[in-house]
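**Q** Input: one structure, supplied below.
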């Protein structure tokens, strides 16, 4: 306990040590975060205020947008502020809180994406039973299960770092607190703990991704006997989800399915699932969805009418 109390704060080294690059990144990430806020809030509110909320696909999408927003908000605002700070410090408790919340909402995202894949599987492979299978109650249970899964993942991940002894140095070569950089700072042998991280984050991501691959393999096998038009419609409903899955899981595999070590490339890859994916997901899911476009138009019209009345 005495050793652990030697470190009361950590120093985040950030993305770069060059001030010119940090200033450029400040404006870039500020614009990205504004886009994330506007895009995900627009999707969530548009779905919640329309009949689309009754459709399972959009029900899951609204919760995915909310999880995206919470996930990026655990990291991005501090990253933006630190880009202009002379010294990027974070308290021990603040660091652990960031670790817990980031993995909580990240885990929820993983399970929601899995639920969305199941929804597309039922829609394509069992269209006649779709309304019977994907009831509102079942969708609610799947969201609750996603939150529970995210909590269990975060709880297990945080336990590996919270009780480690940190007795110096206290510089984290990253722009936020994550498990691997913290394991590197612990003044004890963390080899076995590194294997637990792989089992927790890496294996969870890998199993989930394999399940997603199997579901889409079954979908492709099912639509091969359909007409060209029906095949095109079926695949178009899945393409947005596949794009979102690749954006989220590809960098996840690079970071967590490997020995417990930190690489300079980690900072770039984590940007994909902390900033880029949450920013692009609203565009991915709305550009090719007529229903989503109509819901957004109705929301804007409703806002415009209320302004005129006031």
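Positions of Cβ are set from backbone N, Cα and C atoms, glycine also.
Owing to the predicted nature of the structure, the values given are computational and were not obtained by experimental measurement.
From TrEMBL, for reference:
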TRANSMEM  21-48  transmembrane segment
DOMAIN    39-285  domain 'G-protein coupled receptors family 1 profile'
TRANSMEM  99-118  transmembrane segment
TRANSMEM  139-164  transmembrane segment
TRANSMEM  203-223  transmembrane segment
TRANSMEM  235-257  transmembrane segment
TRANSMEM  269-287  transmembrane segment
**Q** Six or more residues out from either end of the transmembrane segment (139-164), which same-chain residues have a Cβ under 8 Å from its Cβ atoms?
**A** 4, 56, 59-60, 63, 96, 99-101, 103-112, 114-115, 118-119, 179, 182-183, 186, 188, 190, 193, 196-197, 200-201, 204
**Q** As a test: from 21-48, 203-223, 269-287, pick the stretch that has the greatest number of Cβ pairs under 8 Å with the transmembrane segment (99-118).
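**A** The listed stretch sharing the most Cβ pairs with the transmembrane segment (99-118) is 203-223.
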